[in-house]
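Asker: Supplied in structure tokens, the structure appears directly below.
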Amino acid sequence: MLSMMPFGFLFSFITFFGSILSLSSIHWLSIWVGLEINMMGFIPLLIYRGLTMETESSIKYFIMQALGSSMLMFGSLLSFNLSLSWEAWQSHTGPIGLTLIILSLFLKLGAFPFHFWLPEVMMNLSWLNCLILTTWQKLAPVFLLAGMMQSWNYQAVIPTLFVMAGLSSLIGGLGGINQTQIRTLMAYSSIGHVGWMTFCALTSESALKIYFIIYTLISICLFANLWTSDTKSFRHIGAMKTETTKINQLTLIFILLSLGGMPPLLGFAAKWTAISFSCVTLSPASVFPLLLGSLMSLFYYLTLLFSMSFSSAMTLISENNYQPQNTPNLPSSMNILLTPTILIINFAGAFLVLYMVSMSIDFI
């Protein structure tokens with residue numbers, strides 16, 4: 001993407017700089033400025049190809065992010081009115097200001113009840129933009145939320161946030177059922193994982209760091225695989241029967257199972273870590289809605305993989321008349337290196353779990 005756009009590196013740097021500025025700030029004004037810089041740097045990356053559908057998605061993204069920034073600024077102004085301080089981690093924020101700040105972060109994350117915009121935006125983006133949207137763009141809001149929960153003593157808000165985290169996971173599972181477009185499916189998967197990240201943010205920042213790193217690694221593997229095949233739906237993957245696509249199919253199966261949390265893959269290690277932390281600080285029953293949403297996600301992953309593996313290639317080609325466009329011309333050596341790397345990363349979850357058990361990690 002950077003080679004196709006004269007100022008691609010500049011806008012990528014602006015995007016990353018905005019998130020880092022927000023995470024390193026202790027005042028609401030600088031946090032807000034960092035989030036705005038991040039948004040202004042990411043929008044040009046969304047429209048670099050000049051396609052109508054990408055432009056439409058960028059407008060939707062801008063509207064939702066601008067609304068979230070407005071709510072964040074209004075909530076911080078109410079906080080300043082009570083405490084006469086822009087300090088982000090002080091505990092004198094009123095209930096209205098606190099509610100607006102939390103809702104603004106949930107809106108930027110695409111979590112329940114503001115999840116509706118994420119599938120609409122993501123369905124028309126390039127694979128690299130989808131990767132940035134589902135990983136880096138969630139970094140600042142989710143860790144700001146974790147910082148608020150660790151610094152502020154608002155016990156009345158915690159149960160509501162647990163409910164919102166559980167509903168995000170359930171919506172991520174329910175929304176992905178009967179989806180055949182990969183981008184839309186990944187959007188609902190991202191909503192479900194945001195629920196898990198919110199849950200980790202409420203229990204332990206260490207659990208959140210582990211979960212976010214593992215989720216980012218799996219997402220990089222997934223979108224790298226989808227970029228090499230350049231497909232839009234699982235039916236198209238099943239219709240392509242060359243040797244390269246067979247390898248991509250096998251790799252994609254393990255990535256999706258890892259994303260759904262199937263043991264002993266890497267995604268299972270992330271969920272196991274979150275559950276272990278919650279058993280120390282919370283009631284084990286609090287994780288039940290998240291597990292139910294993950295089971296739904298794993299169900300439709302298995303259903304789609306079954307239909308992808310056993311579909312008839314000739315029938316799908318004749319019905320869909322699919323010819324991949326703009327398939328990346330990757331050298332065979334890169335494909336040979338990419339597949340084992342992805343498999344090793346995902347199977348590392350088993351060794352990670354065994355190591356954590358053997359070391360008897362203190363989760364407090």
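Glycine is no exception: its Cβ is also placed from the backbone N, Cα and C atoms.
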Asker: According to TrEMBL, transmembrane segment applies to one of these ranges: 63-84, 305-326. Which one is it?
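Answerer: That would be 63-84, per the transmembrane segment entry in TrEMBL.
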Asker: Which range, 127-146, 247-266, does TrEMBL list as transmembrane segment?
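Answerer: Per TrEMBL, the stretch marked transmembrane segment is 247-266.
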